[in-house]
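Per TrEMBL, compositional bias 'Basic residues' is recorded for 320-330. Feature annotation from TrEMBL assigns region 'Disordered' to 302-330. Annotation comment: TrEMBL describes 12-34 as transmembrane segment.
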Amino acid sequence: MRGSHSPLAITFYVLAGSLASYAAFIGLLTVPFFQNQVIYLNGVTLTWFQDVAIPEQWGFLHNQVTPFTLDTPDGETLHAWHILLLGLYQKHEPRLVEEPSGIAPNISKTLGFELLRDDPDARLVIYLHGAAGTLGSGWRPASYRAIYAASPSNIHTVAIDYRGFGASTGTPSEEGLLTDALTLPILLSGMVLVAPFADVELLTATYRVAGTIPLLDPLAHFPRLLALLNTFILSKWPSKDKLASFIRRVESLPDDGARYHINIIHAEDDYDIPWSHSEQVFWHAANAATPMGISYEDLEKEKENNKQHLGAGGWVTTKQGKRGSSGKKL
């Protein structure tokens, strides 16, 4: 029939359309607004039709969680939760249930804060989540419970939504999120990195949506094109380099100075961020802790000798420095 297209022509049009669509998508990634949405995914709250000022929606007891806000130095307002451990909640339940619900106008005037402040044995965990969602999304509430389950009598948790996430104001950026992380005036005794990425540049070459759709894999076969795209990325997030710089700084302090304790945890079947990123982060940490440095290959040999195998639980290894340690658990 006249006007009909041959299978070859249809295939050509489909391929041409797909190529044009992909080129348009890559072009959008150079626009800061769309780039931010892809990197931070803060628009994907995963708590639609839920109020993060009502933590009971996630199975917490009444006033076990106190929502409050933090004001950043540059004028943003961050939404946060102070989560009480169950043992402490049960001990003070009559007083806690009488406290006003909703966002506390002054967190320092709440009973939960009083219990934290007045307990010399209290431990505080600051939970700063990754991309997408809010502090009430997905497995995060379960993570808070897992944290205080480690000690039902003295572990408090403060979870914070960065700017642009959940009910927090503003728009996420690398500089802004660093400001947010320092807004709570707490001296940390340790740090746990869960499924970290080495830097955004490496992430662009390895990221797969739901572990299956390689968004930028076609560009990865053309290093110059991928390098060109990376010049347009505003948020670099050089995690491996920043961690190494931090460790070198602490290692250079006098004997009575600060110490560090870092743990890196990654799932081998992580479908968002490949566990190879943690390998890079751990190597940079170990290299910074070694006076003469250590190559990636030598560290791999050292890990094989020092690994503690945990069966189905994976394995764990530690690199000891003069003023602290870095651990890796896969």
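Just so it is clear, glycine is given a Cβ too, placed from its N, Cα and C backbone atoms.
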Item checked: Close approaches to the region 'Disordered' (302-330) from elsewhere in its chain (Cβ under 8 angstroms; 6 or more beyond its ends) -> 247, 250-251, 253, 257-268, 275, 278-279, 282, 285-286, 288-291, 294
Next item on the list: Mind checking which residues of the chain, 6+ beyond the ends of the transmembrane segment (12-34), have their Cβ under 8 Å from one of its Cβ atoms?
Entry: 5, 218-219, 229, 232, 234
